[in-house]
């Protein structure tokens, strides 16, 4: 039986594409452009897993589709190669992270090429290449010049096991590090910060201009966390001290019965009484060991200590106790809150625990039983009584401003971006600290500041990076004899990935980040595909850098990525026992269609779960390509279900996709191809062209493949295949199965040219409509016959056909026809007696 020999055909076409630079980016300025971007991978030692090709196949199908539609297509690939994993591996094994990274990249590239992706490899970027990070450093110097990069002594998330501080976004909800799952503690350190807060409003507003999943926009909105409210100043009793709180509900000020400061608040030591000093000091120590996420966990028990001090509520002159509690963060708002326990759940729980007053100021609910958090008219609030929420807020803000004890205020949850890492394997920060106390950026003419090669990459132990040990590199002297020290912190992995999509546009430019005209030609990115796990970190950081570059006149657009698509996760086959615990696949046996634990004999249920080494359910694409072929993997991953759904891997599904490709191969290579069109496939062919064109454009790849299957089924029923339809069909399937597409194109045309730039097939609208139609014939209102007739017959023609039908004739034999009602394209009704 004829079948698709992937082991012969796929390497042949991969070599053809490479030798002929088939996918070199088009530069014809008269053509429309299409920029299809994948989130470039971190080249890990494990290589590609089957989750990577899902997104890559989607952008590849779009790229091949747009090339055929006459677009210049930019479809590049590169490597996000700095970062902790390579450094950890190097420390564990004694290998050089640069060598390890280069080996991993070579392996990733081999795997990617085996899958037939149409990348323009002339544009490959690598974040660890000095010719690349020269421009990462250049962007940093511009941030520094604009005052957007600054040094500060800040409490950081310190991970002892990693020897570095990490950003808030890299701390998991359980208070451990995203990388490695290590404990995170808070400690003050000198750090580089990027002033992303200066762009908070624009980062929020411009989300309206991009075509992104609403869920991702919401995650960014929540992370930026805009609140409109008021600052209120509280004086501390019997002192000259005061503190400010930010509240979104200034209208509830009459219900404020206590205040809470963050343990790190600058005022705490100054106002704490002698009686409370010991308890306060111990509480502060314990709070310093917890991450922000652990401290603000809503489910945890409320803890706190009274400072011994009282504040004066400005609106009614009442004395309220001042506490410290770790759920208030110094880094958020003003680091102090006014507590209104009657109308806030967290404040209510705290007040109940420490027996503090609860005074309702909104009508409704029973505040002895629970906080009332809905809206109601104001009570116990003097000049606000009887007002609704909006009116009361406006009136209270007016009162605060008139009395000089507060003002309207907009705040953001977003914090400045902690940008330094105390590690070796990252971009050196191009700053020199001079002994006269000044700091300067390394001039552009001296960039890149190259990361020095060293065998000793262990953290220094002092909180500085290993670069602090390299005296020759570290110490510099100015022309005037002033000595200086280079910055020893390096940039985080997020730096290189915040602008890589710009370098693809002009990757070999030695004079600038990229040529302005080329940036104008290609920006914004038309489609960006990657995992939803990057919703806040990478996507927010890249948008921030892009806006800075826009302000500098470097890029012509406000936003980098016009459309974003998050592919779903490919889940592995796994098994669950009666307790809900997952069982590794090597501990499972199949008997009579059921699954059992090898050791306990317990029957297990199949439950798809994230692929992991521990469950032994990771599928390596190399194995799939070897057994089934790259085209099978591509078609299967696109046919599994909607691209954004999470779906379980299935060997049966893979085999089904392989069988489909064999049927396609047989159809084109064994069916008689003819120049004569019988018309039998007119409708299904034109429907297929229309459906595949529309569905590829909408990224509904599974339904496009289903339509291709419909065509194959229909074509197999015919003795011959019209050559134009055979060619058109091969063009339609080529983006999904490009090796097969190229091979079958040669079978049909023997052109010696790639199918890649052959104009995409068009469809004939008139052929989409059936030329024949079924009508019913009724006698006395009951259906007696069904006729297939040409469309749009006249009443007379319909009537004649109906009366000539044998079934109808036998029904009306011997009866008088009173009248015949014929409705074109619908029915004929015969009235007899």
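Using the three backbone atoms N, Cα and C, a Cβ is placed for every residue, glycine included.
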Of 605-609, 610-614, 615-619, which range does Swiss-Prot call motif ''KMSKS' region'?
610-614
Looking at 17-28, 29-40, 41-52, 53-64, which one does Swiss-Prot call motif ''HIGH' region'?
41-52
Around the Cβ of residue 613 (ATP binding site), other Cβ atoms found within 10 Å total 9
Short question: which residues 6 or more past the ends of the motif ''KMSKS' region' (610-614) have a Cβ under 8 Å from it?
49-51, 569-572, 584, 649
By Cβ distance under 8 Å, which residues at least 6 away from the ends of the motif ''HIGH' region' (41-52) in the same chain are close to it?
79-81, 83, 85, 89, 100-101, 104-105, 107-108, 111-112, 493, 569-570, 611, 618-622, 624, 633, 637, 649
Across the motif ''HIGH' region' (41-52), average pLDDT on the 0 to 100 scale
90
Grouping DSSP H, G, I as helix and E, B as strand, the residues of the motif ''KMSKS' region' (610-614) number 0 helix, 1 strand, 4 coil
Can you tell me how the residues of the motif ''HIGH' region' (41-52) break down into helix, strand and coil by DSSP?
1 helix, 0 strand, 11 coil
